[in-house]
């Protein structure tokens, strides 16, 4: 690695990473390049918003059909029924449709009947179902049931502060994960439903834990705080330092604000020093492999810590580092793993939205739209215009003509992409194949879209994990599209 750096070559240039596809989309080049998606104020155009809304309805129908085969015991927000309930809760907030709230209740009720009794966090434990159920009941004006869920949630507080059962500090399974459930409640109720001292007690316990480990590892001169999960010192948002520091910097979360400056800030600076020359970050302290560009590991998760540090401390370098993270994500964020939230293109695109909120630079909003909706809406746009009895699809295209042989090679994967496992009716796949076979050059981005999603879809099929993984994909995309509509309409 030292020889490579001395030669001025980035590590991932010498060891090509096959985890991401080359970004096929043109970068932002002035207002004209984004005029179809949003206007000069960052508001979605009526045409683009309408298309997004239509696709939400289509995807919801597909998701509900697949949920008939989903794991009835998975209560979590990360992969289970609580996550689906959150989707409907979010859609209800946007559209005000009562049926969405009813669907949220149905799904979260499944979760309440199958709590883990093991984990206490928002995403992967029992705090998530309890918090989401409380919000659903609150919106339905079922006050007593909402209060019961909140009471059950707060019963976990004492064990979280004490760290019972070697509880870690990280987001998915640790103290900060429980903390996020309390924050979610306060945000949704739009009041201090959870008293500040509950939050401060958790954050103070997290600080003590970090100081203790830093001293035990004898790294306190490099960083006052250190955290680990299964004996690994992770850096990313899901299990590591950046996710923890993001919460510790929230206003009022630490009882003594001076400790944020004396303990958290130098610990953030330590994370910044771990940055690779490429602008990406390692998954763990001491890991020299510049490979992962995920929300859970790498720049797409670290960026939130950097942006919050810029807000709190006003140091320009934090913002510059965050912008560098954005460049990494734009170049290497279209992951072959698919378009999910934790380690997929959709989750990575959230980073651009975060950058746009801070900088108001339309470049970042454009990139978010392209990374989220560019390939997917291009594919569905092509399909929506296809007429089975009409002449071949004709529209302005940017791709060279492709042969029928290329379409034939993609046929098995596209049959699966048509959500037709065990069924003959695969309309989406049929439309795409027809468009490619008849006039591939006329379908903008179709082949890029197929290449972007096909590896993950075919992998799901091979591993017989199709139903639940595809539901995660669908829920993620629907939730994200709804979020874009909420924020920019």
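From the backbone N, Cα and C atoms, a Cβ is placed for every residue, glycine too.
Binding of Zn(2+) is attributed by TrEMBL to 342, 343, and within the candidate set 284, 296, 369 the record adds 296 to that site.
Between the stretches 447-467, 468-488, TrEMBL puts its transmembrane segment entry on 468-488. If you take the C-beta of residue 342 (Zn(2+) binding site) and look for same-chain residues 6 or more apart in sequence within under 8 angstroms, you find 78, 238, 294, 295, 296. In sequence order, 292, 294, 295, 296, 297, 335, 337 are the residues of the chain that are 6 or more apart from residue 343 (Zn(2+) binding site) and have a CB within less than 8 Å of its CB. The residues near the Zn(2+) site, meaning same-chain residues not in 296, 342, 343 whose C-beta sits within 8 angstroms of the mean position of the site's C-beta atoms, are 238, 294, 295, 297, 340, 341, 344, 347, in sequence order.
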